[in-house]
Amino acid sequence: MRVIVADDEFFARKALVKRIGELSEEIEVCEEAENGRQVMELLKSHGADLVVTDIRMPDMDGLEVAKQVKEQFPETSVIIESGYADFDYATTAIRYGVKDYLTKPVKKEELERAVQRVKEEKKTLNQKLEKQLAVYKGQLMDFSRILENETAAREILGDLFEKMKAEAWYLLTAQSCNKVVGKEEISQILEIFRKEGETGGAYFYPKNEFIFVVKAGENGDFPEGFVKKKLIACWNQAGVALHMGVSQYHEKTEAFTKEGAGAYREAVYAINQRLLQPEQQIYRYEAEVNVNQLFSQAEERELEKYLTENKEQEAIKIVERLFRQCENNPEVSIYSLFTSLIQIMNVINRVYTMRKEQENTEADKSSYLLFNFKADLYAFHSLEELKKYIFGLLSDVSEEEGQKSSIIEDLLKYLEWNYQYDISVNELAAHKYFVNPSYLSRLFKSETGKTFSKYLTELRIQKAAELLKESSLKIGDVALCVGYNDVSYFIQTFKKRYCMTPEQYRNG
């Protein structure tokens, strides 16, 4: 801990410096001052954790120092020593946030007690800040990715882990379906449930989702009454329409990441039912039952024929029939819809592979198809969104001329939520949009006026600027949060955009 000692009397100051220096190796007197103005100048140029000052000094006395330190350097603590046990002085000192008011001659044990108290407060505050930063960094990550790392999961998701360890539980994932939830609303909602004690909660920006772990009822029942009374009522009060997926019942566990990942998957499968039953708010997990064939083999062959012949509208009509079957039909399960989407994606992939062979270029056999996993449906909040996405793919793979802005709209949305990850136009072209990389690059520039790499760089730097103003993350952590592993390159890129370093931008 770095300390500035201020006293206009030379020998008194030197004596105090000596006594503070003897308290602990962790406490260092970094600067000395003869008056209050020097204290303020030293704080501006060098900073300090603590100022120990005499109350009577020329130019600026100890009380004025305490007042200005509180206003300009609130992270710095102040201890005042005085030759007067004056009640008014002490009262004013307290008002200015002074940590201790010591009367001369100051006893060694009193000085030690006062300095150690400040040291412990600093330590506690730093630990709290580190935890808050860990949570904040966690919010910028994907919940499922956090669960891949045991250490990170325990650090970031400590509250949830404690709930899972202590009692039987259910995991809930919740998303707004009518607006983006603001920072104040996020804090308000999480604070309500921290106070309740029945649940632990966290929020994650990439998918705009809340994760809650709620205590099971006495017989292992899901506490639906509590959830409706507290969770949903809180959202309704904030004007936020809510969809919520609920996992199966889980016993208390020490295997946090394994059980948590399984429960999260169940909750995501559950909330996917909103595509078919949008009027509900709470969706309970069900095993794969009632899987009916909605898309026949004959329809598969017909779809492949039209895509091969570049007949986009005919292909869309076939898939439109599938979506009509699903709309407001309680007999259709989400698993039936998922199975049909797999059939459609397989057709698209076959046509894509055939085109690659005709071009004498090798198709990537390991290409990632959206809907390889049931959790992929989580990217869509409504059947209309899903339909638009599928129709866009049919349009792209059919290679008909016409409006291609849908693919870029989807790509821009994808970048908004995934800018912090390693993204390339080649990967997106081959694995997500099934188009030639050069074509996607040209289309992107035509629609946005910028190259893909320039747009992604500007987006990352814009997000970094927001973090610099809204958080106290270190520059290196900000760089990592927006997708830069090389801090020097991040600073160089940021400076090119804003004509100043990240540090200067934060302080400006």
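Glycine is treated like the rest: Cβ placed from N, Cα and C.
When pLDDT values are averaged over the coiled coil (108-139), the model yields 71. Under the heading coiled coil, TrEMBL lists 108-139.
What TrEMBL lists as domain 'Response regulatory' is 2-119.
The annotation domain 'HTH araC/xylS-type' is assigned in TrEMBL to 409-508.
Annotation for Asp54 (4-aspartylphosphate): spatial neighbours Ala6, Asp7, Asp8, Glu9, Ala12, Gly62, Ile80, Glu81, Ser82, criterion Cβ-Cβ under 8 Å with sequence separation of six or more. Following the DSSP three-state reduction, the secondary structure of Asp54 (4-aspartylphosphate) is strand. The 4-aspartylphosphate feature in TrEMBL is assigned to Asp54.
Look at the domain 'HTH araC/xylS-type' (409-508): DSSP puts its residues at 75 helix, 0 strand, 25 coil. According to DSSP, the secondary structure content of the domain 'Response regulatory' (2-119) in residues is 54 helix, 26 strand, 38 coil.
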